[in-house]
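K.L.:
First, the structure itself, so that you have it in front of you.
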Amino acid sequence: MNQRLLSLDVFRGMTVMMMILVNNPGDWGHIYAPLEHAEWNGCTPTDLVFPFFLFIVGVAIPFAFQHKKPDYQTISKIFQRSLKLFGLGLFLSLFPRFDFSVVRIMGVLQRISLVFLICSILFLVTSKRTQIFLMIAILAGYWFIMTQIPVPDAGAANLEPESNLGAWLDRIVLGTAHLYKAVRVWDPEGLLSSLPAIGTGLSGVLTGQWLQRKGINTDKKVLWMLGFGFLGIMIGFIWNMIGFPINKSLWTSSFVCWTSGWALSFLAVLYWVIDIKGLRIWTRPFVVYGVNAITVFFLSGLIPRVMNMIKVKMPDGEETGIKTWLYESWIVPFFTEPKNASLAGAVTFVIIWLIILWIMYQKKIIIKV
C-alpha cells in the first residue's frame, strides 16, 4: 500500500470543503437546517464536519510517524506543529482588533492542535492495546464526570449549556471574557470537552494502523471497517437513548461513537472505491482541497474579514463591507428565496477556493503547517 492514501486526501478535502460551505453562508440569517449546527442535543450533517476532521487527523498520524521513534527530534517537531496550529487559531480569534483582554483562547484550530499533540505522542509511546484502553477509558470517564460529579454553585450534575461542569470549568480557568463570544458563558471547544475529542483522534489513529496492517486481504479490511463503523454508530445511538445525548458542543461520548462510526464507514467506502478499485477520475477537486486543508481553512476565515474591512458606499448612503456588497449586488438579485441566495453565496466561495487551490496544486504548492 502507498504510504499516502488517496482516499484519505479525498476524505480530508470533502470535509474541508464542507467546513468552508457551512462557515461562509451569504447571509447568516437565512440558512437551510442541514447546514446549521444542532441547537443543543442532536446531530446535523454540519455537526459531522469537525469530528470527521479530527478522525482524519488521527488516521494520518500512523502514516506520518510510521518509521519515527519517540526521540527528542520527533517530539520537538510534534510540539512545534501543535504550537503553530494553536497560534494560527489564536490569530484568527484576535484579528482584526488584537484585543487580548477579550480574545477567545480555545477554538477549532486550537482543538486540532491539542488532539494532534496528544494522539501523536500516544501513538509513539504506547501499543495499540493501550490506545484502545485509553480511548474506552476517556469516553467512560467523561460520561462519569459529566453525569455524576456535582457542579459547584449549580448543584447536581447536568448537561445544560450554562450550568454543566465543562462550562463551569471554562469560566473558572479561562474566564468569561475569553470564551466563545456569542455566549461568553460556555465554549463549544472548551477545556473539558477536549478530552473526548482526543478519543475521536484515537479512533482515527487505530483506523490508520488497521489500514497499515499487512497480511490481510484489502476487501476484508473494508468489511471490518464497515463492521466497526456500524458498531460505533449503534453504541452512540444507544448511549444517546439511555441518557448521554449526542451533543457536539459538549462533545459527549455518544457523539464520539456516533461520528467516529460514520467517519470510519465513509472512509471504508472511499478506500474501497479509490485505493482498491482504482476509480480516481472524479477525485481531483477533493484532493486539491485535501492537500492544503489547514491553509484553506485558515485563509477562508481570514480573507472575508479583511474584505469586510474595505467599505463600499451603498445607494442609500450607508457603508458596508466589500464581501457583503458583492453578495448583495451579484448574488441576491438572482434569487427570490433568501436561503437559496445564501447557499449560492457559500457555493460560490467554495468554487473560488477550488480554482485557487487547483492552480496551487498544478504548481505543486503545498503549504505545510
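Placement of Cβ uses the backbone N, Cα and C atoms for every residue, glycine included.
Okay, these came from TrEMBL:
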- 4-149: domain 'Heparan-alpha-glucosaminide N-acetyltransferase catalytic' (DOMAIN)
- 48-66: transmembrane segment (TRANSMEM)
- 78-96: transmembrane segment (TRANSMEM)
- 102-125: transmembrane segment (TRANSMEM)
- 132-151: transmembrane segment (TRANSMEM)
- 191-211: transmembrane segment (TRANSMEM)
- 223-244: transmembrane segment (TRANSMEM)
- 250-274: transmembrane segment (TRANSMEM)
- 286-307: transmembrane segment (TRANSMEM)
- 341-361: transmembrane segment (TRANSMEM)
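I would like each feature placed in context: is it buried or exposed, what are its neighbours, and how far apart are things?
P.N.:
Here the transmembrane segment (78-96) has long-range neighbours at 103-105, 107-110, 112-114, 116-117, 120-121, 294, 298, 301-302, 305-306, 309, 369, meaning same-chain residues at least 6 beyond its ends whose C-beta is under 8 angstroms from one of its own.
Beyond the ends of the transmembrane segment (102-125), by six or more residues, the same chain brings 50, 53-54, 57-58, 61-62, 64-65, 68-70, 74-75, 78-79, 81-86, 88-90, 92-94, 131, 134, 170, 174, 177-181, 187, 189-191, 194, 197-198, 200-202, 204-205, 294, 297-298 to within a C-beta distance below 8 angstroms of the stretch.
With a threshold of 8 Å between CB atoms, the same-chain residues lying at least 6 positions outside the transmembrane segment (132-151) that come near it are 122, 126, 157-159, 163-166, 168, 192, 195-196, 198-199, 202-203, 206, 239, 243-244, 250, 252-253, 256-257.
Proximity of distant same-chain residues to the transmembrane segment (286-307), defined by a Cβ-Cβ separation under 8 Å and at least 6 residues beyond the stretch ends, is recorded for 6, 8-17, 19-20, 23-24, 53, 85, 88, 92, 95-96, 108-109, 112, 321-323, 349, 353-354, 357-358, 360-361, 365-367, 369.
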K.L.:
Mean pLDDT, the domain 'Heparan-alpha-glucosaminide N-acetyltransferase catalytic' (4-149)?
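P.N.:
97, rounded to a whole number.
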K.L.:
Go ahead and report the DSSP secondary structure tallies for the domain 'Heparan-alpha-glucosaminide N-acetyltransferase catalytic' (4-149): helix first, then strand, then coil.
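P.N.:
With helix first, then strand, then coil, the domain 'Heparan-alpha-glucosaminide N-acetyltransferase catalytic' (4-149) has 103 helix, 1 strand, 42 coil.
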K.L.:
Same-chain Cβ contacts of the transmembrane segment (191-211) under 8 Å, 6 or more residues past its ends?
P.N.:
1, 5, 51, 54-63, 106, 111, 114-116, 118-119, 122-123, 128, 131-132, 134-135, 138-139, 141-142, 145-146, 165-166, 169-170, 173-174, 221, 224-225, 232, 249-253, 255-256, 259-260, 263-264, 267, 271
